[in-house]
Structures are given as C-alpha cells and as structure tokens.
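For reference, the structure is listed below as structure tokens.
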Amino acid sequence: MGARSSVLRGKKVDELEKIRLRPGGKKKYRLKHIVWAANELGKFGLAESLLESKEGCQKIITVLDPLVPTGSENLKSLFNTVCVIWCLHAEEKVKDTEGAKQIVQRHLVAETGTADKMPSTSRPAAPPSGRGGNYPVQQIAGNYSHVPLSPRTLNAWVKLVEEKKFGAEVVPGFQALSEGCTPYDINQMLNCVGDHQAAMQIIREIINEEAADWDVQHPIPGPLPAGQLREPRGSDIAGTTSTVEEQIQWMFRAQNPIPVGNIYRRWIQIGLQKCVRMYNPTNILDVKQGPKEPFQSYVDRFYKSLRAEQTDPAVKNWMTQTLLVQNANPDCKLVLKGLGMNPTLEEMLTACQGIGGPGQKARLMAEALKEALAPAPIPFAAAQQRRTIKCWNCGKDGHSARQCRAPRRQGCWKCGKSGHVMANCPERQAGFLGIGPWGKKPRNFPVTRVPQGLTPTAPPADPAADLLEKYLQQGRKQKEQKMRPYKEVTEDLLHLEQGETPHKEATEDLLHLNSLFGKDQ
C-alpha cells in the first residue's frame, strides 16, 4: 500500500474508529476511508504522502478550501476526511466530522487571524447561539456582512404558499424560513409570491397600520449629531426607507440594538394570520365527526382548525378538552366517556381505534345477523310450564297424560282407589273453607291431614237432634193415617164387630188420644 499504510498507525487507528461520520449517527470512520481519500488526492495533483503529517494535511486543506462551496459531494467528503486526519495528527479529541472541522477552523484563525481560508459553510455567524451558517447576516473577519437568501429558500417559500394556499401551515413555515432575516430579505420573500395578490394586499395594509403605531409609540428625538446612527422609523423597519447596512447596524450595534428583522417578521405574521382566517372560514365549533369517519381523521381536522384559531392558549386548551369529545359521533362519544375525566389524546386515539372503519362495520353486521337469525325467545312462564310438565298416568316428566303410551290407570289418579275421581278425592288437602263440592282446591291456608288412629278434638253429636228426628218420623206416620179414606175406616169398624182384629194397633190409635200425643203423655 505504500504511503497509505503509513498514514495512521497504532493508537491513531483506534481513535479514528471512534469518530462518527455525522453528529449522532451510527456509522464511524474505518481504514477504507483513508484509502479512499488517498486515491482522491491524485485527482487534484496532490501526493498521498501529505496525509502522513499535520503540515501536509494543512496544505491539502488550503488547496481544497476555495473549491468546497461549489464543489461536488466527493470533494466535500475528501475535505472532511482530511480535517479528521489533521485532528488525529494534532492529537485533538473529536467525536464527529463537524467537531473536527470546527477545531481546524479555530486553529487556522489563531494562526492567520482570518477565516478567509475556511469554507463558507463552516464560518462562524454573528448572531447569538442557535443560528447556522445559512443566515443572511454573517460575521467575517470581525465584520458583519449580508449574504443574500439562497434560491432554494425562496423556492421553498413560494412552493409552500402555492400548495397550502394560506392554510394554517403557512405561518410556522414563514417563521422557519425567515429566521434571522433582515427586512430586505423578508421583502424579497413577499415579492416572490406571484398569485394571491389579495392576501398580499391585506399584509401590506397590516404593515402600514403597525408602522403607524410604531411611529406613535417611538417619536423622533431631537436633532442628532453628525455621524450618529438615526433611530429606525416604521418605514425603516418595513425596509422601504432604509438600506441593508443600516438594518444590520440597528440589529447588531453594541448599545441599544433594535431587532428590526424580528419586528418586521411579527408584523407579517399578524397579516398572515388574518389571511389564514380569510382562506379558511371553517369555525372550530363546526368541526364534527361524521357517522362513518375514523376518529383519527376527525382529530386531524379538529387540530387543523384549532391551529388557525388565533386565541389564548387557555381557550385552546378548553376547546380541546370540551369540543373534541362533544363533537364526536355517538359511537366514539360512548367510548370516550368511559375513559373517565381528562383522558390524554393518546388514550382517546387508542380507545377509538377501529371505530367507523371496516372492522367495526363487519362486527355490527355480524351482530345484526345474529339477532335476526336467533329464535324467538320463549316467555318465562311458558318455559317453566314446559320444563315442569308431568304425566298423571305414569308419573313421569316430559309428556302429558294424553300423550302417555302406558295403560290407562283406573280410579282416582291421586289415591289409586276406585269409585271417585281425583277432583272428589277425600284424601286431598282441605283449605280454609274445607273440601266443598266445587271442583277446585282452595289455595290459601293449606291444612295438614290428620293421621289415622287419632281421636278428633271436636265435641260429640247432640242427643236432642236424634229425639227431634224421631218425633218428626212419628208425626209423618200419623198424618198418613189421618189421610186414609172413609171406606177403609168403616171396614175396620165392621171387622171389630165381627170379632176380627186385622188392624188392632191402628184402631187403638184412632180410639185413644195417643193419636194426638205421644206415649209420654
């Protein structure tokens, strides 16, 4: 391999394999990257032996630096690899490629006092922390200079407006693309919009109103001494009566800096918000979930309309907690109410997942078919009678006596004796009214049957009743005798005269008073 194998040795190879290609990435440098860099140096007329020392790597960086801004991806990768090798020769601790480029940059600035030899993508920016190298205002050699916006940024802004048509996404998109811009750059972005001139006119009117308010709140002080920077007016902030140099001086002066770029951005954001309300007239109260709409689509529409609402965050929070559940369809609302108080959005989406989709439709269809094909329910009383039916002929359950195949049982079905039927069975239970002639047994107050061999506690029969019955029989007999015809009576008297006594007892009864009174008289 020649010089390639002597570029890094021992601990330097181990340190190389710990450096990441990108910040936070998983891939790390390997020896194959050194071999590739050595092969690429030949394309630029540079010797591979330059990679073996720190000074040689610095010469390579000096040659490649002017070509990096307009170079290809291979050229940029070669420059990054050489920076990493330079840090390894200088025994600098680095974690990734970006860290190596920053260390090389600081070293060259300390040696030469200028950053002109470094690529524009790695030069430090003047604004505070968090601002990258693409900012329009950059600090080069201690001086602030303006770099125009790239065509890519302007194209992204125009494409955003054309696709979203002043939707709720336009405001945050403008904030991201205009970060750190001067009023001059912001006016360039607005002038690139060809369509939607009505919205542009609304933004211009808002800018004029805000500029007038600025002039009222910040009156002009007295006459300024010669050479002193004047204070910005409303038209200066809008970029119509000020130059780019004045705007940069107002933004980055040491005493009392005025961020004219951020102020102008805030005015335009107010105008964009009015355009969003004009192009999206849908009210958040009118956003309701359809009967067959998935809950996730409804939530997306809800938050899109909520994003366009320019209200207080507390009001938006109340809308989220109240209207999101209130405007859902009945199926989702029933599920959401079962989640308790103040459920999270993740819990709502998980609980309502599948509602309104094909899966739920299939389940509802299956339940409907199941109910339609199910047999008619049997009333409880009828079911009880069917379960407790019993045959009185054989005593078995499951059929009636009419359907019984056993021989017909004779006599009473209750006691088994002949001469009566079950309705007149003397052994049946007596109710409160006793066993009457009616065919139904009383159901109230059942009385237990008295066992045989026990003497009942009822009093004996009254003898006066027997005596009265006897008197009644005698009275009937005497009445029958009185009603005998006269011929029979004369025949009896004739027989007496002839000495015959065929009816002696009857004659004596007629001749004595016994016919009227009993023997006790």
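Cβ coordinates are placed from backbone N, Cα and C, and glycine is handled just like the others.
Reduced to three states, the DSSP call for Ser150 (phosphoserine) is coil. Positions annotated as phosphoserine by Swiss-Prot: Ser150.
The region 'Interaction with membrane phosphatidylinositol 4,5-bisphosphate' annotation in Swiss-Prot covers 73-77. The region 'Interaction with membrane phosphatidylinositol 4,5-bisphosphate' (73-77): residue composition by secondary structure is 5 helix, 0 strand, 0 coil, according to DSSP.
Away from its own ends, the region 'PPIA/CYPA-binding loop' (219-226) comes close to residues 233 of its chain (Cβ-Cβ under 8 Å, at least six residues beyond either end). Taken from Swiss-Prot, the feature region 'PPIA/CYPA-binding loop' covers 219-226.
According to Swiss-Prot, the zinc finger annotation covers 389-406 (among others), on the basis of sequence analysis. Residues 413, 422 of the same chain, all 6+ positions outside the zinc finger (389-406), place their C-beta atoms under 8 angstroms from a C-beta of that stretch.
Residues or ranges marked as zinc finger by Swiss-Prot: 410-427 (among others). On the 0 to 100 pLDDT scale, the zinc finger (410-427) averages 77 in this prediction.
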Practice prompt. Enter the number of other CB atoms within 10 angstroms of the CB of Ser150 (phosphoserine).
Written response: 11
